[in-house]
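Structure first, then comments.
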Amino acid sequence: MSDPDQESAFVAIVGRPNVGKSTLLNQLLGQKISITSSKPQTTRHRILGIETEGSRQIVYVDTPGLHQEEKRAVNRLMNRAATSSISGVEVILFVVEATKWTPDDELVLTTLKRTQRPVILVVNKIDLAKDKGALIMFAGALLQGITGFGSGLVAVPLLSLLLPLTLITPTLSIVNLLLAGFLYLKLHSYVTIRDWRPLLVAGIGGSLIGTVALAHIQLDWLQRGMAVFVVLVGILLWTGVRFQLPPTQRNQSWIGILAGFSNGALTLGGPPIVLFLSNQQLAILTFRATLTVFFLALATTNVLSFTLQGRYTTDMWSWLMVLVVSALVGAWCGHKVSLQLPEKWFRHLTLSVVIGAGLLVLLRW
């Protein structure tokens, strides 16, 4: 009779050839059981590695690299071995290279879309990235491309390790403007701006007020209170609680002021508007489109404000170009991913980001 406390799971490691799947397996197990080489297609059949901890076991399945070239029988055999390994596992690790995306990566992504298994993205060879700032911006824009918000939540803390905040804030304002503009081109048909005019106008006003308040008032206590509010409301919405807050002109106005002020003064502009729109039960594309219009308006306001303050200098343009290109690529990839997300997954992802943002603020104290 089996022990009810015993748990086991099969985890497939998939990706194109020579992306580092076997190296990852060896690192996970702490020993070399799979051959590694700079030569592609070293692994030609699946290799199992078992990690045991107490009564729990994880069986890792190292698979041959999926690739488009199938002229030889061995290539077709390797692809079949990789795809058949995916069907019998609980979780899939999708390994990609930080500095490169190839047609073979696209083939793997297309294959994984047809599965019903959870997929975890593993970015390998990050040490080869010429510009870690570009990778950070890509990750933030990828999140925003999927959910409609969140690039700053990822980018600002990590970029602050590389650049001074005096350079990050005005630079990211331009990046956010172009990022929101790009997403607006993709999503504008899913939102009617006049339906949300009170929200936009109030948001712009609130952002300007927040910018002024930031320069003259100590707002730590208010930021902490906003973080607690965001976390609590996010948890309630996650559990299915709904608030009677229809998108009337009055409700849009005070939510816009709150979100705009939070954006300008508290660096928490995203969560209030996300919580408000989540409560409206909008379709995914309408939700993302509305967020995009709101952040496009705020980004435009911020860029104009920084321009009038003389905050843009010639020494930031090289960084700006790197971040802009990375952001647009990340947003494009995120937009593609979002089109595949089920409604429930999308809702939980957005609420997770909101709750995480509030918790990060609280952890600073």
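Keep in mind that glycine also has a Cβ here, set from the backbone N, Cα and C atoms.
Any TrEMBL annotation is an automated prediction that lacks curation.
These figures come from a predicted structure and were not determined experimentally.
The domain 'Era-type G' feature in TrEMBL is assigned to 7-132.
Residues or ranges marked as transmembrane segment by TrEMBL: 134-156 (among others).
Here TrEMBL flags 162-187 (among others) as transmembrane segment.
Here the transmembrane segment (199-219) has long-range neighbours at 193, 247, 252-266, 269, 273, 293-294, 297-298, 301-302, 305, meaning same-chain residues at least 6 beyond its ends whose C-beta is under 8 angstroms from one of its own. The transmembrane segment annotation in TrEMBL covers 199-219 (among others).
Residues or ranges marked as transmembrane segment by TrEMBL: 225-243 (among others). Residues 262, 266, 268, 271-272, 275, 278-279, 348, 351, 354-355, 357-359, 361-362 of the same chain sit 6 or more residues outside the transmembrane segment (225-243) yet have a Cβ under 8 Å from a Cβ within it.
Among the features that TrEMBL reports, transmembrane segment is placed at 255-277 (among others).
If you look up TrEMBL, you'll see 283-304 (among others) marked as transmembrane segment. Below 8 angstroms of C-beta separation, residues 147-149, 173-174, 176-177, 179-181, 183-184, 187-191, 193, 196, 199-200, 203-204, 207-208, 211, 256, 259-260, 263-264, 269-270, 273-274, 277, 338, 341, 343, 346, 350 of the same chain, each at least six residues beyond the ends of the transmembrane segment (283-304), sit close to that stretch.
Remote same-chain residues near the transmembrane segment (316-333) are listed as 131, 133-135, 137-142, 144-145, 151, 163, 167, 170-172, 174-175, 178-179, 182-183 (criterion: CB distance under 8 Å, separation of at least six residues from the stretch ends). Feature annotation from TrEMBL assigns transmembrane segment to 316-333 (among others).
Annotated transmembrane segment per TrEMBL: 345-363 (among others), in sequence order.
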For the transmembrane segment (255-277), could you work out the same-chain residues 6 or more beyond its ends whose Cβ comes under 8 Å from its Cβ atoms?
148-150, 152-153, 156, 198-214, 217, 219, 222-223, 226-227, 230, 233-234, 237, 245, 287, 290-291, 294-295, 298, 302, 350, 353-354, 357-358, 361
Can you give the mean pLDDT for the domain 'Era-type G' (7-132), rounded to a whole number?
75
